[in-house]
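Features of the protein shown, as given by TrEMBL:
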type: BINDING; residues: Asp33, Asn41, Leu42, Asn43, Arg44, Lys57, Ser80, Ile81, Asp102, Asn103, Arg104, Ala105, Ala106, Arg107; note: ATP binding site
type: COMPBIAS; residues: 533-547; note: compositional bias 'Polar residues'
type: DOMAIN; residues: 32-382; note: domain 'THIF-type NAD/FAD binding fold'
type: DOMAIN; residues: 418-505; note: domain 'Ubiquitin/SUMO-activating enzyme ubiquitin-like'
type: DOMAIN; residues: 515-607; note: domain 'SUMO-activating enzyme subunit 2 C-terminal'
type: REGION; residues: 187-216; note: region 'Disordered'
type: REGION; residues: 515-612; note: region 'Disordered'
Amino acid sequence: LSIQSGRASCRQDLIYQILHLLLTLHNKGMAIDLDTIDVSNLNRQFLFQKKHVGKSKAQVAKESVLRFCPSANITAYHDSIMNPDYNVEFFRNFQLVMNALDNRAARNHVNRMCLAADIPLIESGTAGYLGQVTVIKKGQTECYECQPKPTQKTFPGCTIRNTPSEPIHCIVWAKYLFNQLFGEEDADQEVSPDTADPEAAWNPADAAARATASNKDGDIKRVSTKEWARSTGYDPVKLFNKLFKDDIMYLLTMDKLWKKRKAPLPLDWTEIHHLESSQEEACGTGLKDQQVLGVQGYAQLFHRSVETLRSQLIEKGEGAELVWDKDDPPAMDFVTAAANLRMNVFSMNMKSRFDVKSMAGNIIPAIATTNAVIAGLIVLEIFLNKQPNPRKKLLVPCALDPPNPSCYVCASKPEVTVKLNVHKTIVQALQDKILKEKFGMVAPDVQIEDGKGTILISSEEGETEANNNKFLSDFGIRNGSRLQVDDFLQDYTLLVNLIHSEELEKDVEFEVVGDAPDKAPTPSVPEEGKNIANGNKDSAQPSTSSKAAAEDDDVLIVDSDEEPSSSTMEASPESSNRKRKHHGADTDDAVSKRKRLDQQPADDDEDIIALD
């Protein structure tokens, strides 16, 4: 029995609660987990204690489990499931794989490895009060990727830079600002006013004449944010006046933006510094992180955090960069202060440090009791609803959907069509943004079906590096070209059809044609001997063997080192036809609606558990 465990999310702790249940049936196993125990892990499971903070999760889990199950034989490894050592043959050593991961990349990978090894996969997870368990069996049920998942929510650059209307816009801006000042600069994360905003449609010459921004140091200069900050020695006061006074006054010159919006109100350091302290008392009670400070309080926090981060840069030496981490106090203080000051400028209610951290770090609240319930129900196909359904049930069993014959992962001959501009798309973008990021491959090899077998991308380091910055058209790729893509680690082959287009939307580099089917159609029965599926070259028929080698491990706990996704799971009420939204264990998953068993009478409650 194989278990995959996630990192930095409630699902990572779910897996350890499952462990006790499993060891009543299996007493031999292997624990693999790349993560170490953090303080935030202590409130959502029962194996880790304060004394374990900083130690390997796998090792501590092993020690904790052995205390209540001394007969168990567990080997602990500090490693990642994405390690190439855990190949298809490794997965074939197990009779069953159980997932409790927290990110899509690792989920896609384990899904493909299980399909390739023809091993059943039980997908499970929790998010707040919600929980879900589903079974994935090759050839019989949908795989994890049969239904498209919603992409991470993004916001237009002009909204972030010019016209924020929600706190999350200001928090994203503050995270961008951290990178622009102290981290790795990214042109897509610019924070200065966007003069190209099509909604503004103003005359720059007229605006310049009306602008009243200061001519002193700190005034707007058309240089990079980091270059300007360095020239001031990262002076907190000059940074403050540029970001919250001069830039805002510059925005006000784009008067068309404010005809239907409330105009922003610039902040001045000197004026704020002389505010009466009685006006700056913190709002709210309870823990310090849950209090909302006043403008003066956040201005002072901004000043302190800039000084601290400046010192960290100096200590690291010339050319050093900082990496934003929600668990790094100075970095979190900076984002909290900058975001709240911008919220004040744009007349929004400010947020506590706790709220800002939750949004900036994409944190989904973890509840130990939900983890415990789902751990106990993991052997069932069941949903734990946030609210009772029309029949007043919280725990709802449901039927499994068949595979989606159009799925580009588990179909008999996976194929996908991608629309892009072959004259503007370089090979590096094809590899990183399309094959790895969009289609979840780890080490793709790409061959052009041009009759010559031209190798476009090789997973062997250095073999095709010279191709990286060339355009696809340089290799004769045009409208209708086909690419055969192989990922030997995942034992996965994908045929990619390319459509050349010069009419893609602005900032859209490619589109996957037919990427959002509403519902998986019923698959046709394949002809015997003609169905060749990924990972099982002999036959696409699911394995019915329950035998396992005597020396095979029964339990394996594995972790992923990928970051979680950003979206949160929301509860969906049942529709009138008894369909229920299937929530994936990944917090940004919204899978297909699943019908209840037709044979179940309306008043037959024998297979439904009601929680009062």
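Residue 1 is the first one shown; counting continues down the chain.
Cβ coordinates come from backbone N, Cα and C, glycine included.
Automated prediction, rather than curation, is the source of TrEMBL annotations.
For the binding-site residues Leu42, Ala106, the greatest number of Cβ atoms within 10 Å around a candidate Cβ is found at Ala106.
In this structure the residues listed as binding ATP are Asp33, Asn41, Leu42, Asn43, Arg44, Lys57, Ser80, Ile81, Asp102, Asn103, Arg104, Ala105, Ala106, Arg107; their two most distant Cα atoms lie 26 Å apart. In this model, the domain 'THIF-type NAD/FAD binding fold' (32-382) carries an average pLDDT of 83.
Comparing the binding-site residues Asp33, Asp102 by how many other C-beta atoms lie within 10 angstroms of each C-beta, the top residue is Asp33. Across the domain 'Ubiquitin/SUMO-activating enzyme ubiquitin-like' (418-505), DSSP assigns 19 helix, 29 strand, 40 coil.
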